[in-house]
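TrEMBL lists 20-42, 49-70, 90-108, 120-136, 176-198, 218-243, 255-278, 284-305, 317-335, 382-408, 428-447, 468-492 (among others) with the feature transmembrane segment. The domain 'NADH:quinone oxidoreductase/Mrp antiporter transmembrane' annotation in TrEMBL covers 139-423.
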Amino acid sequence: MTELLPNISNKLDHVLAGLPMLLPELVLTATFLTGIGAGLFADRYWRHASFAVTTVGIVLAGVCSAWQLALPAVDNLLFGMATMDAFGRYARLLTAAVCLLFVLFAKANPGFNAHRKKTSDLYSILLAVHIGLNLMGVATNWLMVFVAIEMASIGSYLMVGYLAKEARQTEAAMKYVLFGSVCSAVMLYGLSFMYGFTGDLNFTSAAHIQGLEGTAPLLVATALLFVFTGIGFKLSFVPFHFWTPDVYQGASTPVTAFLSTAPKIAGIALLARIGYAWPADSNAFQYLHTLILVSAIVTMLLGNLAALRQTNVKRMMAYSSIGHTGFLMMAVLAYSSGEFAILLFYLAVYALMNMGVFMLADYIEARTGAVDVDEYRGLGKVLPAAFVSFVILLISLTGLPPTAGFVAKLLVFSAVFNNWQLTGNAGMLLLLIVGALTTVISLFYYFKVPLHAFLRQPEQERKTLPAHPIVVGLALLMAAAVLLLGIFPSWLMA
């Protein structure tokens, strides 16, 4: 027993030394516990108590992440469970920004305020999801990856079903749970293979990489495919996208906006970290590179082609987000070549564009009741500020100048083109061609919104109802930010 004491003491010292690097997560944990207390006791005296506690906690976590950007990178945190570098810290900062936007969005949403359930529980669930997404962005151990994905997934299931009032909403939540459970089981099976091949769960370690190199290629490819299933569920790329349209349409709009943005940031950060950790000449990297390449091509094609046929705005944006996952995976391929800033710029711009579009769709629905593109006829004259902002954000999602979306796509295309020139990989050239083609395709469904809003006459005069101004105010700010970053991208790239 006395022989074990020094070892235990050293391990405790190691854990305690790493805790300051997890300050944002510790703040969120404290906020989670405080939020539960506020929901139980303080909300009866001040109905905004849970909202205030959650908002302050998320802001503090974001401030901690921003402060840590200037600190040196820390490897082997918590015995190799995580790595705290600038990339992971920036991903945590982006996640905090999206969570803050969600809280403000949900507070202004009439469905949340009118529902019989208290929203304090939803805020607590959000904080738990936030912690899971943060850990996904910094994880370097497969066990940490799985736990983080499950933390984010279980909370997401609850968020989708939290305000379910209709059968389709309950059905959407059940589809999400069932599909997510299957993907988690398959991923865990793949992780058992990875551990069996290497005897090490730290995917950045030399032992892990050497173990994969010494294993039969077919077995490594199979294990990677299984692991890819769990990550694919969070990113909703093909063929793990089947849940996305129904869940996005059935869930409340703030939850849809959150699910289509925050998990993608964490999932893409995780995927990029895995690709960057493995040597470019290793078999495991080549298999991963091929999986990402093929998935990106198929995802861009299917997502954008399916979006063409949609009439419901939320369903159209669901398929649009699937298509954009393909572009994000293009950015991952650029990051695996060392293009650190490009991926982060694309993630930040995507968060702005996507959250803004869903906010405006919800605002327009609250004011007019319009949920389909055809119902937007003539509304551009009724709600000019909202629809001008909507059009700016859609132009940016398409990737046209002078918006930040254009700069982001241009940077990604340039990085992939340079990669093709250096390697001669025909797959990278095909990726470029498909990316350009699907950008053109996206024009046809995005521009249905301004076409109906400004150039079509309404069949009957539509009455407008009052709605919370904070949503359209935030969307206006995001549209302005998209324009400014399109003209001055160095503000964010720096």
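Numbering starts at 1 and runs along the chain as displayed.
Every residue, even glycine, has its Cβ placed from backbone N, Cα and C.
Counted over residue pairs separated by six or more positions, the transmembrane segment (49-70) shares fewer than 3 Cβ pairs under 8 angstroms with the transmembrane segment (382-408), which leaves the two as not touching. Under the criterion of 3 or more C-beta pairs below 8 Å, with sequence separation of 6 or more, the transmembrane segment (255-278) and the transmembrane segment (382-408) do not qualify as touching, having fewer than 3 such pairs. At the 8 Å Cβ cutoff, the transmembrane segment (218-243) and the transmembrane segment (20-42) share fewer than 3 close pairs (sequence separation 6 or more) and do not count as touching.
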